[in-house]
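Notes for the one structure printed next.
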Amino acid sequence: MKTLLLTLVVVTIVCLDLGYSLTCLNCPEQYCKRIHTCRNGENVCFKRFYEGKLLCKQFRRGCAATCPEAKSREIVQCCSTDECNH
């Protein structure tokens, strides 16, 4: 009986994803390769871009607790899986 209980405890611990943290791309460039581990409570990756001067697109990527609101002339895309904000 003790063996069965111990086996169930081990299986439960292995199956639970304890301490999981989302990873998002985090950089201001269009072609981003920098991976960042999000803090506890940041469950969303975002990509924000807008047209700057001379029609140059400016990018920002990172982690957030909720999807940021788009400001004037901005597009914001959000997702919730690892490195999904490419």
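Numbering starts at 1 and runs along the chain as displayed.
Note: Cβ is positioned from N, Cα and C throughout, glycine not excepted.
Some features that Swiss-Prot has for this protein:
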- CYS24-CYS45: disulfide bond (DISULFID)
- CYS27-CYS32: disulfide bond (DISULFID)
- CYS38-CYS63: disulfide bond (DISULFID)
- CYS67-CYS78: disulfide bond (DISULFID)
- CYS79-CYS84: disulfide bond (DISULFID)
- 1-21: signal peptide (SIGNAL)
Given CYS24 (disulfide bond) and CYS79 (disulfide bond), what distance in Å do their CA atoms have, once rounded to a whole number?
10
CYS38, CYS45, CYS67, CYS79, CYS84 filtered to the disulfide-bonded residues whose C-alpha is within 10 Å of CYS32 (disulfide bond)
none
Give me the long-range Cβ neighbours of CYS67 (disulfide bond): same chain, 6+ apart, Cβ under 8 Å, in sequence order.
VAL44, PHE46, VAL76, CYS78
Would you count the other C-beta atoms found within 10 angstroms of the C-beta of CYS84 (disulfide bond) for me?
17
Which residues in the same chain, at least 6 apart in sequence, have a Cβ under 8 Å from the Cβ of CYS45 (disulfide bond)?
LEU22, CYS24, LEU25, CYS38, ARG61, GLY62, CYS63, ALA64, CYS78, CYS79, SER80, THR81, GLU83, CYS84, ASN85
Identify, among the disulfide-bonded residues CYS27, CYS32, CYS38, the residue whose Cβ has the fewest other Cβ atoms within 10 Å in this structure.
CYS27
Can you check what DSSP calls CYS32 (disulfide bond), collapsed to helix, strand or coil?
coil
Sparsest Cβ environment (other Cβ within 10 Å) among disulfide-bonded residues CYS63, CYS79 belongs to CYS79
Those disulfide-bonded residues listed as CYS24, CYS78, and which of them has the most Cβ atoms within 10 Å of its own Cβ:
CYS24
